[in-house]
Amino acid sequence: MAAKDVKFSTDARDRLLRGVDILANAVKVTLGPKGRNVVLDKSYGAPRITKDGVSVAKEIELKDKFENMGAQMVKEVASKSADVAGDGTTTATVLAQAIVREGVKSVAAGMNPMDLKRGIDLAVLAVVEDVKKRSKKIKTSAEVAQVGTISANGDEEVGKIIATAMEKVGNEGVITVEEAKGLDTELDVVEGMQFDRGYLSPYFVTNAEKMVADLENPYILLHEKKLSGLQALLPVLEAVVQSSRPLLIIAEDVEGEALATLVVNKLRGGLKVAAVKAPGFGDRRKAMLEDIAILTGGQVISEDLGIKLENVTIDMLGTAKKVTITKEETTLVDGAGDKKDIEARCSQIRANIEDTSSDYDREKLQERLAKLAGGVAVIKVGGATETEVKEKKDRVDDAMHATRAAVEEGVVAGGGVALLHAIRSLDSVKGANPDQNVGIEIVRRALQAPVRQIAENAGVDGAVVAGKLLENSDTDFGYNAQTGIYENLVTAGVIDPTKVVRAALQGAASIAGLLITTEAMVAEIPEKKDAMPSPDMGGMGGMGGMGF
């Protein structure tokens, strides 16, 4: 086992604080509408330019093991804020730095670290309650656009695109962000259910020019296993032919004789038909087939449920207004399923999302929920260079999460003002002893940090701005760094999601409390590697007679 180095009390906390400062100083330059960019070196390709706090934090790894521990703890604050609310990572970092800095000073002055932490926790509870009280619910699409614009660092185009996307697919819908090929940022909305399986044979195509199969008002047969012969299906196929409506078969696979028979019937014009593979794999495939069945008002033909192919009747088939199948994907629009059944299925998936601990499962469940509930929107981010596209994509991602959070818990005045005015809620909070009161004071001072930093980044004195705002009793009154004007920020459209503000403060206080109460640190001593010995030049002696 390698030897360890141990640091105690003040020495340990000073090292931690140094690491916290290095990381926080790199992150906080990005805060606010006039925040600057940070350039991140990549081991391959062009450097990455970003204004996203968490991306900067993730890149930082310090040489000194003890300083690195402090930096990694604050990195945790940024990541947690990104996980919970999707934004507010820079605010969380600035708050954590402010609390740690004041806390370390107080501990050095002889206060009890545990009482300081308790005081900090008391203050945070009071502030969170106060912020929640002032939260306003979002009602209009314009307000959604404002949140998106602020979170994308004042980019109105991004705000509008996100608002349109949320209007189209609803709050449950999935919005994904991709890189576009061109210069423009555009929005693609897929209404209805789409899954990534295309037609099994190009002979099913109805529009040869576009190579798509369009089925109007088709019956939909959902089969869990492979179809290799159609003998068992003949009664139901005849019923479909008589109804003169098209048929879509979704099964694990359609092969051999079954596929050949369907193709021949399609070419002869006897039966308008198309076949696609079922989406997903294993248990997820079963669940997705069940989703499609509920959406289209049909039944999954499965031997687990005791339904055999030969017993299938036409009323077991689902229907939809229109189905479009390309080489890669299938879209079902306007399924005939019962609204109550669809809502019940959505509630069930929501419950599963709450219960799961796996990020991958959660993502897949959210996709399923979106396909059932609303649809899928894809924002394609364009730009002149790859570096610009990546930077913009980061901002769009942040903005998307922020708007989601805003719809969930409402909004408060932006620009760090919500936290600044929450200072007043601490007047009535008293700790059990003087040290806890100091903890409350630490939070009181830290709550000014975001406003000050936004002002500093805009080239104005932060202390002057914070002082001027605290003189005003209107809790929405703030400094608009974009225009340099003091005004009512909610009216000016400078708003932050309540969830983002709350998560930033709670995350920052949690980690800062742990850092303040640190009394010893243990890290591995890096082993000095000996320089490589020079190679032996023996054996070269026989070169004497070379006659140079």
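Each Cβ is built from the backbone N, Cα and C atoms, and glycine gets one as well.
For THR30, LEU31, GLY32, PRO33, LYS51, ASP87, GLY88, THR89, THR90, THR91, GLY415, ASP496, the entry in Swiss-Prot reads ATP binding site, with the evidence type sequence analysis. What Swiss-Prot lists as region 'Disordered' is 529-548. What Swiss-Prot lists as compositional bias 'Gly residues' is 538-548.
Sequence features annotated in Swiss-Prot and their locations in the structure.
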{"residue": "THR30", "record": "ATP binding site", "Cβ within 10 Å": "22"}
{"residue": "GLY32", "record": "ATP binding site", "Cβ within 10 Å": "28"}
{"residue": "LYS51", "record": "ATP binding site", "Cβ within 10 Å": "22"}
{"residue": "GLY88", "record": "ATP binding site", "Cβ within 10 Å": "32"}
{"residue": "THR90", "record": "ATP binding site", "Cβ within 10 Å": "29"}
{"residue": "GLY415", "record": "ATP binding site", "Cβ within 10 Å": "26"}
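DSSP classifies GLY32 (ATP binding site) as coil under the three-state reduction. In the three-state DSSP assignment, the secondary structure recorded for LYS51 (ATP binding site) is coil. Taking every pair among THR30, LEU31, GLY32, PRO33, LYS51, ASP87, GLY88, THR89, THR90, THR91, GLY415, ASP496, the residues listed as contacting ATP, the largest Cα to Cα separation comes to 17 Å.
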